[in-house]
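Following: one structure in C-alpha coordinates, then a few remarks.
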Amino acid sequence: MPLRRFLPGTALLFRRLPVVLAALLPTLALAADRPTGHAAPLPRSVAQARVALLFDLSSERTLYARNEEARFLPASMAKAMTLLVAFDAIKAGSLREDALITVRPETARRWSGRGTTLFLQENERVAVRDLLAGVALISANDGAVALAEGMDGSLTRFSERMNARARNLGMADSHFTSPSGFPDGGATYVSAMDLVRLTRALVEDHPMLYRRYIAAPSMMWKGQLHASKSPFVGVVPGGDGVKTGHTYEAGFNFLGSAERGGRRLVVVVGGVWTAPGRAQSARDLLEWGYSEWDARSWLSPGTPVGHIAVQQGARRRVAVTVPRAYRLTVPRGARGRAEGTIVYSGPIAAPIAKGARVGELRVSVDGALPYALPLVAAETVERAGPFDRTVNGLLGLWR
(Lines of atoms letter the chains of each structure in order from A and count residues from 1; the text may use other names and numbers.)
(Lines give C-alpha, C1' and ligand atoms only; values in the text may rest on other atoms or scores of the structure.)
Protein backbone atom coordinates (compact mmCIF):
# COMPACT_ATOMS: atom_id res chain seq x y z
CA MET A 1 0.00 0.00 0.00
CA PRO A 2 1.28 3.49 -0.80
CA LEU A 3 2.96 5.67 1.77
CA ARG A 4 1.47 9.14 2.19
CA ARG A 5 3.52 12.20 3.08
CA PHE A 6 2.54 15.03 5.36
CA LEU A 7 3.73 18.56 5.93
CA PRO A 8 6.54 19.17 8.46
CA GLY A 9 5.28 19.17 12.04
CA THR A 10 2.78 16.39 11.43
CA ALA A 11 3.34 12.67 10.99
CA LEU A 12 5.93 12.25 8.25
CA LEU A 13 4.87 8.83 7.03
CA PHE A 14 2.06 6.42 7.69
CA ARG A 15 0.72 3.24 6.16
CA ARG A 16 -3.05 3.06 5.75
CA LEU A 17 -4.33 -0.28 7.01
CA PRO A 18 -7.76 -1.41 8.27
CA VAL A 19 -6.79 -1.14 11.93
CA VAL A 20 -3.13 -0.21 12.38
CA LEU A 21 -1.17 2.65 10.85
CA ALA A 22 2.60 2.93 11.22
CA ALA A 23 4.02 6.43 11.57
CA LEU A 24 7.42 8.10 11.76
CA LEU A 25 6.81 10.96 14.16
CA PRO A 26 8.51 14.34 14.59
CA THR A 27 12.00 13.68 15.94
CA LEU A 28 14.50 15.45 18.14
CA ALA A 29 18.18 15.23 17.24
CA LEU A 30 20.42 15.69 20.28
CA ALA A 31 24.17 15.46 20.64
CA ALA A 32 25.11 11.85 21.35
CA ASP A 33 27.64 11.20 24.05
CA ARG A 34 26.30 7.85 25.28
CA PRO A 35 24.45 4.97 23.63
CA THR A 36 20.97 5.88 22.44
CA GLY A 37 18.13 4.56 24.60
CA HIS A 38 20.19 4.36 27.79
CA ALA A 39 20.45 6.68 30.75
CA ALA A 40 23.13 6.99 33.41
CA PRO A 41 23.34 4.19 35.98
CA LEU A 42 20.54 4.11 38.53
CA PRO A 43 21.33 5.33 42.08
CA ARG A 44 22.21 2.43 44.38
CA SER A 45 19.62 3.43 46.97
CA VAL A 46 16.78 2.43 44.63
CA ALA A 47 17.76 -1.23 44.98
CA GLN A 48 16.28 -1.37 48.49
CA ALA A 49 12.72 -0.90 47.16
CA ARG A 50 10.87 -4.08 46.20
CA VAL A 51 8.62 -1.93 44.00
CA ALA A 52 9.99 1.10 42.16
CA LEU A 53 8.59 3.25 39.37
CA LEU A 54 9.53 6.59 37.84
CA PHE A 55 7.00 8.00 35.39
CA ASP A 56 7.06 11.22 33.37
CA LEU A 57 3.52 12.59 33.12
CA SER A 58 4.59 15.21 30.57
CA SER A 59 5.47 12.51 28.03
CA GLU A 60 3.55 9.51 29.46
CA ARG A 61 6.84 7.62 29.46
CA THR A 62 8.09 5.17 32.06
CA LEU A 63 11.68 6.09 32.87
CA TYR A 64 12.34 3.23 35.29
CA ALA A 65 10.23 0.32 36.51
CA ARG A 66 10.57 -2.65 38.82
CA ASN A 67 7.46 -4.71 39.57
CA GLU A 68 5.31 -1.80 38.41
CA GLU A 69 2.26 -4.00 37.70
CA ALA A 70 2.66 -6.20 40.80
CA ARG A 71 0.04 -5.90 43.52
CA PHE A 72 1.33 -4.82 46.92
CA LEU A 73 0.02 -3.46 50.22
CA PRO A 74 -0.33 0.34 50.10
CA ALA A 75 -0.85 1.03 53.81
CA SER A 76 -1.75 4.72 54.12
CA MET A 77 -1.12 5.40 50.43
CA ALA A 78 -4.74 4.22 50.12
CA LYS A 79 -5.68 7.60 51.55
CA ALA A 80 -4.74 9.15 48.20
CA MET A 81 -7.89 7.54 46.80
CA THR A 82 -9.86 8.80 49.81
CA LEU A 83 -8.72 12.31 48.95
CA LEU A 84 -9.60 11.87 45.27
CA VAL A 85 -13.13 10.73 46.13
CA ALA A 86 -13.56 13.73 48.44
CA PHE A 87 -12.15 16.12 45.84
CA ASP A 88 -14.58 14.70 43.27
CA ALA A 89 -17.47 15.37 45.64
CA ILE A 90 -16.32 18.95 46.26
CA LYS A 91 -16.05 19.56 42.53
CA ALA A 92 -19.52 18.09 41.99
CA GLY A 93 -20.97 20.32 44.71
CA SER A 94 -22.11 17.49 46.99
CA LEU A 95 -19.46 18.25 49.65
CA ARG A 96 -18.41 21.63 51.03
CA GLU A 97 -15.02 22.31 52.56
CA ASP A 98 -16.63 24.36 55.34
CA ALA A 99 -19.23 21.68 56.15
CA LEU A 100 -19.06 20.22 59.66
CA ILE A 101 -18.96 16.47 60.26
CA THR A 102 -19.88 15.03 63.65
CA VAL A 103 -17.48 12.34 64.84
CA ARG A 104 -19.35 9.21 65.85
CA PRO A 105 -18.62 8.03 69.41
CA GLU A 106 -17.69 4.55 68.19
CA THR A 107 -15.30 6.03 65.63
CA ALA A 108 -13.53 8.15 68.24
CA ARG A 109 -13.22 5.16 70.60
CA ARG A 110 -12.13 2.67 67.96
CA TRP A 111 -9.42 4.84 66.44
CA SER A 112 -8.04 6.42 69.58
CA GLY A 113 -4.29 5.76 69.54
CA ARG A 114 -4.43 3.55 66.42
CA GLY A 115 -1.63 4.82 64.24
CA THR A 116 -1.49 8.51 63.41
CA THR A 117 -4.64 10.39 64.42
CA LEU A 118 -6.14 13.84 64.92
CA PHE A 119 -7.24 12.73 68.43
CA LEU A 120 -10.86 13.26 67.46
CA GLN A 121 -13.32 13.22 70.34
CA GLU A 122 -16.79 11.72 70.59
CA ASN A 123 -19.42 13.96 68.95
CA GLU A 124 -16.78 16.52 68.01
CA ARG A 125 -17.79 18.63 65.01
CA VAL A 126 -14.92 18.99 62.55
CA ALA A 127 -14.77 20.96 59.31
CA VAL A 128 -14.23 18.96 56.13
CA ARG A 129 -11.19 21.11 55.34
CA ASP A 130 -9.53 20.05 58.61
CA LEU A 131 -10.24 16.39 57.95
CA LEU A 132 -8.82 16.68 54.43
CA ALA A 133 -5.67 18.37 55.72
CA GLY A 134 -5.28 15.77 58.45
CA VAL A 135 -5.61 12.91 55.98
CA ALA A 136 -3.30 14.47 53.40
CA LEU A 137 -0.54 15.85 55.60
CA ILE A 138 -0.30 13.71 58.73
CA SER A 139 -2.14 10.58 57.51
CA ALA A 140 -4.82 10.70 60.20
CA ASN A 141 -6.69 7.39 60.39
CA ASP A 142 -9.55 8.76 62.46
CA GLY A 143 -9.84 11.70 60.09
CA ALA A 144 -10.16 9.40 57.06
CA VAL A 145 -12.86 7.33 58.74
CA ALA A 146 -14.81 10.35 60.00
CA LEU A 147 -14.69 11.91 56.53
CA ALA A 148 -15.91 8.70 54.87
CA GLU A 149 -18.74 8.23 57.36
CA GLY A 150 -19.76 11.86 57.02
CA MET A 151 -19.86 11.60 53.23
CA ASP A 152 -21.52 8.21 52.69
CA GLY A 153 -22.86 7.09 56.06
CA SER A 154 -20.80 3.90 56.16
CA LEU A 155 -17.31 2.69 55.33
CA THR A 156 -18.76 0.03 53.05
CA ARG A 157 -20.49 2.57 50.83
CA PHE A 158 -17.44 4.81 50.79
CA SER A 159 -15.21 1.88 49.83
CA GLU A 160 -17.60 1.09 46.99
CA ARG A 161 -17.14 4.63 45.77
CA MET A 162 -13.35 4.26 46.01
CA ASN A 163 -13.44 1.10 43.91
CA ALA A 164 -15.81 2.63 41.37
CA ARG A 165 -13.37 5.52 40.91
CA ALA A 166 -10.50 3.04 40.59
CA ARG A 167 -12.36 1.23 37.80
CA ASN A 168 -13.05 4.57 36.13
CA LEU A 169 -9.31 5.28 36.08
CA GLY A 170 -8.41 1.83 34.75
CA MET A 171 -6.77 0.77 38.03
CA ALA A 172 -7.21 -2.93 37.31
CA ASP A 173 -4.66 -4.03 39.93
CA SER A 174 -6.09 -2.08 42.87
CA HIS A 175 -8.83 -2.71 45.43
CA PHE A 176 -9.85 -0.77 48.54
CA THR A 177 -11.77 -1.87 51.63
CA SER A 178 -11.39 1.24 53.80
CA PRO A 179 -10.52 4.93 53.58
CA SER A 180 -7.51 4.55 55.88
CA GLY A 181 -5.48 1.70 54.39
CA PHE A 182 -5.24 0.12 57.85
CA PRO A 183 -4.18 -3.57 57.71
CA ASP A 184 -7.00 -5.82 56.51
CA GLY A 185 -5.29 -9.11 55.75
CA GLY A 186 -4.29 -8.10 52.23
CA ALA A 187 -7.78 -7.23 50.96
CA THR A 188 -6.53 -3.74 50.04
CA TYR A 189 -3.86 -3.68 47.36
CA VAL A 190 -2.51 -1.45 44.61
CA SER A 191 0.09 -1.48 41.86
CA ALA A 192 2.66 1.22 41.22
CA MET A 193 1.27 1.93 37.75
CA ASP A 194 -2.22 2.29 39.19
CA LEU A 195 -0.88 4.86 41.66
CA VAL A 196 0.42 6.87 38.70
CA ARG A 197 -3.11 6.85 37.26
CA LEU A 198 -4.43 8.03 40.61
CA THR A 199 -1.86 10.81 40.83
CA ARG A 200 -2.71 11.98 37.32
CA ALA A 201 -6.36 12.32 38.34
CA LEU A 202 -5.49 14.26 41.50
CA VAL A 203 -3.22 16.68 39.67
CA GLU A 204 -5.22 17.16 36.47
CA ASP A 205 -8.80 16.98 37.77
CA HIS A 206 -8.27 18.96 40.98
CA PRO A 207 -5.20 21.22 40.67
CA MET A 208 -6.39 23.79 43.24
CA LEU A 209 -7.43 21.21 45.84
CA TYR A 210 -4.21 19.31 45.25
CA ARG A 211 -2.15 22.41 46.02
CA ARG A 212 -4.34 23.40 48.96
CA TYR A 213 -4.19 20.10 50.80
CA ILE A 214 -1.65 17.63 49.42
CA ALA A 215 1.09 20.15 48.57
CA ALA A 216 0.70 22.15 51.79
CA PRO A 217 3.80 22.12 54.02
CA SER A 218 1.89 22.00 57.29
CA MET A 219 -1.46 22.37 59.06
CA MET A 220 -2.55 24.05 62.26
CA TRP A 221 -4.69 21.79 64.44
CA LYS A 222 -5.86 22.53 67.97
CA GLY A 223 -3.16 25.11 68.51
CA GLN A 224 -0.29 23.00 67.23
CA LEU A 225 1.58 23.12 63.92
CA HIS A 226 1.87 19.73 62.21
CA ALA A 227 4.35 19.36 59.33
CA SER A 228 3.66 17.28 56.24
CA LYS A 229 5.00 13.74 56.44
CA SER A 230 5.96 13.79 52.76
CA PRO A 231 9.71 13.32 52.10
CA PHE A 232 9.28 15.69 49.13
CA VAL A 233 7.18 18.64 50.32
CA GLY A 234 9.42 21.45 51.53
CA VAL A 235 12.52 19.32 50.94
CA VAL A 236 12.84 18.53 47.23
CA PRO A 237 12.66 21.36 44.66
CA GLY A 238 9.20 21.25 43.12
CA GLY A 239 8.09 18.43 45.44
CA ASP A 240 4.38 18.65 46.18
CA GLY A 241 3.06 15.26 47.28
CA VAL A 242 1.61 12.77 47.39
CA LYS A 243 1.28 10.18 50.23
CA THR A 244 3.39 8.04 52.51
CA GLY A 245 2.40 4.64 53.86
CA HIS A 246 3.75 2.22 56.44
CA THR A 247 2.74 -0.90 58.27
CA TYR A 248 4.79 -3.85 59.47
CA GLU A 249 3.36 -6.00 56.68
CA ALA A 250 3.76 -3.42 53.90
CA GLY A 251 7.07 -1.87 54.87
CA PHE A 252 7.73 1.78 54.09
CA ASN A 253 6.00 3.05 50.94
CA PHE A 254 5.82 6.40 49.20
CA LEU A 255 3.90 7.88 46.29
CA GLY A 256 5.68 11.11 45.40
CA SER A 257 5.47 13.80 42.77
CA ALA A 258 7.33 16.93 41.75
CA GLU A 259 7.03 19.52 39.02
CA ARG A 260 9.92 21.52 37.58
CA GLY A 261 9.69 23.74 34.54
CA GLY A 262 6.28 22.36 33.63
CA ARG A 263 7.55 18.78 33.75
CA ARG A 264 5.93 16.49 36.33
CA LEU A 265 7.50 13.23 37.49
CA VAL A 266 5.79 10.62 39.66
CA VAL A 267 7.78 8.28 41.91
CA VAL A 268 6.58 5.11 43.63
CA VAL A 269 8.71 3.09 46.03
CA GLY A 270 7.31 0.20 48.02
CA GLY A 271 8.47 -2.34 50.54
CA VAL A 272 11.50 -0.41 51.80
CA TRP A 273 12.77 -1.51 55.22
CA THR A 274 13.27 1.90 56.84
CA ALA A 275 11.81 5.41 56.69
CA PRO A 276 15.21 6.98 55.85
CA GLY A 277 15.69 4.38 53.11
CA ARG A 278 12.28 5.21 51.70
CA ALA A 279 13.05 8.92 51.57
CA GLN A 280 16.52 8.42 50.10
CA SER A 281 15.46 5.99 47.39
CA ALA A 282 12.53 8.18 46.32
CA ARG A 283 14.61 11.37 46.24
CA ASP A 284 17.48 9.74 44.38
CA LEU A 285 15.13 8.23 41.80
CA LEU A 286 13.44 11.59 41.26
CA GLU A 287 16.73 13.47 40.87
CA TRP A 288 17.96 10.81 38.45
CA GLY A 289 14.86 11.43 36.36
CA TYR A 290 15.42 15.17 36.20
CA SER A 291 19.20 15.12 35.78
CA GLU A 292 19.62 12.19 33.38
CA TRP A 293 16.58 12.63 31.12
CA ASP A 294 15.66 15.49 28.79
CA ALA A 295 12.06 16.38 27.96
CA ARG A 296 11.58 18.54 24.88
CA SER A 297 8.48 19.98 23.23
CA TRP A 298 7.05 17.48 20.76
CA LEU A 299 3.35 16.88 20.01
CA SER A 300 0.77 19.66 20.25
CA PRO A 301 -3.02 19.40 20.40
CA GLY A 302 -4.69 20.22 17.10
CA THR A 303 -1.69 19.19 14.99
CA PRO A 304 -2.66 16.06 12.99
CA VAL A 305 -0.47 12.99 13.47
CA GLY A 306 -2.31 10.95 10.85
CA HIS A 307 -5.74 9.92 9.57
CA ILE A 308 -7.98 6.93 10.20
CA ALA A 309 -10.79 5.46 8.13
CA VAL A 310 -14.40 6.51 8.73
CA GLN A 311 -17.43 4.39 7.93
CA GLN A 312 -20.73 5.95 6.80
CA GLY A 313 -19.30 9.46 7.16
CA ALA A 314 -19.50 12.59 5.04
CA ARG A 315 -15.72 12.11 4.70
CA ARG A 316 -13.91 8.82 4.27
CA ARG A 317 -11.28 9.56 6.90
CA VAL A 318 -10.71 11.82 9.89
CA ALA A 319 -7.55 13.56 11.08
CA VAL A 320 -6.39 12.53 14.55
CA THR A 321 -4.39 14.47 17.09
CA VAL A 322 -3.38 14.36 20.76
CA PRO A 323 -5.70 15.89 23.39
CA ARG A 324 -2.92 17.85 25.11
CA ALA A 325 0.73 18.73 24.65
CA TYR A 326 3.22 15.91 25.10
CA ARG A 327 6.97 16.11 25.44
CA LEU A 328 9.51 13.65 24.13
CA THR A 329 11.60 12.28 27.00
CA VAL A 330 15.00 10.85 26.08
CA PRO A 331 18.19 10.09 28.01
CA ARG A 332 20.31 13.20 28.36
CA GLY A 333 22.84 13.39 25.54
CA ALA A 334 21.06 10.84 23.36
CA ARG A 335 19.73 11.19 19.83
CA GLY A 336 15.96 10.96 20.21
CA ARG A 337 13.94 9.47 17.36
CA ALA A 338 10.34 8.41 17.86
CA GLU A 339 8.40 5.90 15.82
CA GLY A 340 4.69 5.42 16.32
CA THR A 341 1.81 3.21 15.34
CA ILE A 342 -1.75 4.50 15.24
CA VAL A 343 -4.01 1.76 16.61
CA TYR A 344 -7.79 1.80 16.50
CA SER A 345 -10.73 -0.55 16.08
CA GLY A 346 -11.95 0.49 12.72
CA PRO A 347 -13.17 1.81 10.57
CA ILE A 348 -14.77 4.25 13.02
CA ALA A 349 -18.47 4.80 12.40
CA ALA A 350 -19.77 8.35 11.89
CA PRO A 351 -20.88 10.66 13.36
CA ILE A 352 -17.62 11.54 15.11
CA ALA A 353 -17.40 14.61 17.36
CA LYS A 354 -14.27 16.73 17.43
CA GLY A 355 -12.25 15.73 20.50
CA ALA A 356 -13.77 12.25 20.74
CA ARG A 357 -11.35 9.48 21.71
CA VAL A 358 -10.81 7.33 18.61
CA GLY A 359 -7.61 5.36 19.21
CA GLU A 360 -4.10 5.50 20.56
CA LEU A 361 -0.60 6.24 19.36
CA ARG A 362 1.89 3.57 20.41
CA VAL A 363 5.27 5.24 20.62
CA SER A 364 8.76 3.80 20.74
CA VAL A 365 11.73 6.11 21.27
CA ASP A 366 15.03 4.74 19.98
CA GLY A 367 13.81 1.18 20.38
CA ALA A 368 13.05 1.53 24.11
CA LEU A 369 9.91 0.12 25.76
CA PRO A 370 6.84 1.38 23.86
CA TYR A 371 4.12 3.41 25.50
CA ALA A 372 0.72 4.71 24.40
CA LEU A 373 -0.77 8.19 23.99
CA PRO A 374 -4.49 8.84 23.48
CA LEU A 375 -5.68 10.06 20.09
CA VAL A 376 -8.78 12.17 19.50
CA ALA A 377 -10.57 13.37 16.39
CA ALA A 378 -9.17 16.69 15.18
CA GLU A 379 -12.42 17.51 13.38
CA THR A 380 -16.09 16.64 13.33
CA VAL A 381 -17.31 14.13 10.76
CA GLU A 382 -21.06 14.05 10.18
CA ARG A 383 -22.94 10.98 9.10
CA ALA A 384 -23.10 10.72 5.31
CA GLY A 385 -26.26 11.43 3.36
CA PRO A 386 -27.41 9.22 0.46
CA PHE A 387 -25.29 11.10 -2.10
CA ASP A 388 -22.12 10.98 0.04
CA ARG A 389 -22.57 7.26 0.67
CA THR A 390 -22.87 6.63 -3.07
CA VAL A 391 -19.76 8.67 -3.86
CA ASN A 392 -17.74 7.04 -1.07
CA GLY A 393 -18.83 3.62 -2.27
CA LEU A 394 -17.67 4.35 -5.80
CA LEU A 395 -14.37 5.72 -4.53
CA GLY A 396 -13.90 2.57 -2.50
CA LEU A 397 -14.39 0.44 -5.61
CA TRP A 398 -11.98 2.62 -7.56
CA ARG A 399 -9.29 2.24 -4.90
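Placed from the backbone N, Cα and C atoms, the Cβ positions cover glycine too.
Note that TrEMBL annotation is computational and uncurated.
Annotated in TrEMBL:
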- 1-31: signal peptide (SIGNAL)
- Ser76: active site, acyl-ester intermediate (ACT_SITE)
- Lys79: active site, proton acceptor (ACT_SITE)
- Ser139: active site (ACT_SITE)
- Lys243: substrate binding site (BINDING)
- 293-383: domain 'Peptidase S11 D-Ala-D-Ala carboxypeptidase A C-terminal' (DOMAIN)
Hey, of the recorded positions listed (Lys79, Lys243), which one tops the CB count within 10 A? Lys243
I'd like the per-state residue tally for the domain 'Peptidase S11 D-Ala-D-Ala carboxypeptidase A C-terminal' (293-383) from DSSP, helix first, then strand, then coil. 0 helix, 53 strand, 38 coil
Within the chain of Ser76 (active site, acyl-ester intermediate), which residues six or more apart in sequence place their C-beta under 8 angstroms from its C-beta? Gly115, Thr116, Ser139, Asn141, Ser180, Gly181, Lys243, Thr244, Gly245, His246
Please report the number of other Cβ atoms within 10 Å of the Cβ of Ser139 (active site). 25
